[in-house]
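Working notes, structure below.
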Amino acid sequence: MPSIAPCSCTYVVLVLCLVTGSFAGDPYVFFDWTVSYLTASPLGIKQQVIGINRQFPGPILNVTTNWNVVVNVKNDLDEPLLITWNGVQHRKNSWQDGVLGTNCPIPAGWNWTYQFQVKDQIGSFFYFPSLNFQRSAGGYGGVIINNRDVIPLPFAVPDADVVLFISDWYTKSHKKLRKDVENGEDLGVPDGILINGFGPYRYDEALVQGGIAYQIINVEPGSTYRFRVHNVGISTSLNFRIQNHNLLLVETEGSYTVQQNYTNMDIHVGQSYSFLVTMDQTASSDYYIVASPRYVNSSKASGVAILHYANSQGPASGPLPDPPNEYDSFFSMNQARSIRWNVSAGAARPNPQGSFKYGQITVTDVYVIVNRPAELIDGKWCTTLNGISYLPPSTPLKLAQQYNIPGVYKLDFPNAQMNRPPKVDTSLINGTFKGFMEIIFQNNDTAVQSYHMDGYAFFVVGMDFGVWTENSRSTYNKWDGVARSTTQVFPGAWTAILVSLDNAGIWNLRSENLDSWYLGQEVYLSIMNPEIDKSEAPLPDNTIYCGILSSLQKDQARRFSFSGAPSLASPSRTFLVVLIMTLYLRVLLG
C-alpha cells in the first residue's frame, strides 16, 4: 500500500467538466467501489477483513472544496451495508449520510450510488461501514478535502501528504464481537494496534512475533510532510508520536488550528488530526512511529511503523519513545484544552474562520445528555442517553418524514436525564432551524467516550471533571474553541459544545465507541426548514425502500451490477479522456 496520498488529477477534472457540458459548474469525480471480504494476517493470525476494491484500508478520496463526489458502491458482503462519511457535512443533503436514520441498507449483492458535494469544507476525514459492527473488520478509508487555489494554506505547502489510520484490533470476527456485545460481554483489551492495516514492527522480540508485515513511511531528509492521522478503531484512545520528531498541529476535522508543537497527541476514537512533520534528524537510524493504547492495562504490543529517511544508516532499535502516564487523564484533558481555532485563517471560504463569532450568539436550546454504562432493559443489554436506548425503526426516519408516515418516531427526546426507568424508544431531538444549541455531554461511564455529530462542525467550548452545572459556563472558551465533529468526554467528566443548526435534515448524534453505539447510544436531530428551500436535495432517484415503504421498491435491475454511474476505468471513458486531452494539447500548442 502506498504511504503517500495520491495527488488529484487535474486532467480528469477537466474531462469531467467537458463531459458534464460546463466549465462554470463545480467538477464531478466518479469512483466505483466493491466492498468485499479479504483474508489478511495483520497480527500474524489469518482472519477475515473488509476491503474496498481489494484494498485494506480502502482508497483515499482526494478532492477539493465544492467538488461533487459520486461513489458507486457494490456490496459483495453477506449482509447489508451502509457507508458513512465521518465529518463530511452533506450540506442540505442528509440522504447521503449512510446511517440507518437516513438510508435503507444496501442488501448483499446490490449496489447503490452516493452522490454528494463537499460544500464549503476543507480538511481531513474518513469513511467507514456504519452497520453490524463492520468497522471492527475494516472497510474504512480517508477523505482529503483540499483548499481551492484561491484560498492559501495558513502554512507553507508541504512536500507530500501521509495518511495514517491507527486503530485497536481484535482477531475475533466482527460477527463474533457484536454477538459478545449483545450478550453483555465487554470487548476487553484489544489484541493489538494497527497502523494502515499493518501490525507492529518487531521492536521487542518478546512482545511481537516474527513475520508480521509492518508499515514503512519513506521520506526525504529536509522535507516537510503533512501527516493526516485518523483513529478508526472501535473503542480505544490512542497516543500518537514519532520518535525524535515534533508534531506541529495545523488542522483537525476541517478546522485550521493555532499552530503548536506537540511531542505526542492523544487521538480518541473517531478523531482526525493533521500535523506538519519536518525531517530534520541525522538519520543515524530509522525512527519509530507509535500508536499506543491509553487507559488500558495491556501487556500487548503497541502499533509501530517505521519512518525511513532516504539516507538512513540502519534500522530502528531500542525502546519506543515514552508515552504519557498511562492513566493520566488530566494530561489528556489539558492537551485537549490547548487545541485552539485559528481565527485569522481562511479555510473553505476566503473570510477568516473567526469571522463567525460563535461566542456572541444567543443560545436557543440546551441539552444536558447523560450516558450510562450498558444495562439490561427488557432482557436485552442496552446503553442509553438521558435514559433512552435508541431503537432504529424498520423505515428510516428521513423516508418516514418525506412520506409523512405517522408513528415511526417521536420528537420528544428529553433535554436532561429523566427520573424514570430507562427504556428503548425512537425519540428524536426537535431542533430549531437556524437555532443555536448548547449540548453538554456528561460521561457516567468508566471509559472515555467520543461523541460525533453528522451534518455539522460544533465548537468545543469547555470540558472538566465532575458534574456540569450552570456555573460551569463561566469557564467556556467563547473566542477560539476549535470547531470539529468529534469530541472526547472523559469518565466522570463533561464536555460542552455549541452548534449552529443551519443544515436542514435528519442528523445522527452518536457515540463513536462502537460497543456503546451498537447497544443504543445515539439519537437523531430533526432540523426542518419551515420554508420551502429549493436548494435542499430532493429524494434521490435511486432510493432504496424498506420497512413500511418496501412496496415502493422498484425492480432491482442494478442487482449484482453497477448502477451506471460513470467509471473512470471504463474503456469508453478512457478513450474519451485520451481524445479530449489530445484536442486540448493541440489547442495549447497552437
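Glycine is no exception: its Cβ is also placed from the backbone N, Cα and C atoms.
The annotation signal peptide is assigned in TrEMBL to 1-24.
Feature annotation from TrEMBL assigns domain 'Plastocyanin-like' to 35-148 (among others).
Positions annotated as domain 'Plastocyanin-like' by TrEMBL: 161-311 (among others).
Sequence annotations record features per position, and here TrEMBL assigns domain 'Plastocyanin-like' to 395-530 (among others).
Residue counts for the domain 'Plastocyanin-like' (35-148) under DSSP, split into helix (H, G, I), strand (E, B) and coil, are 7 helix, 52 strand, 55 coil. When DSSP labels each residue, the domain 'Plastocyanin-like' (395-530) comes out as 17 helix, 59 strand, 60 coil, counted as helix, strand and coil in that order. Taking the domain 'Plastocyanin-like' (161-311) as a whole, pLDDT averages 96 in the prediction.
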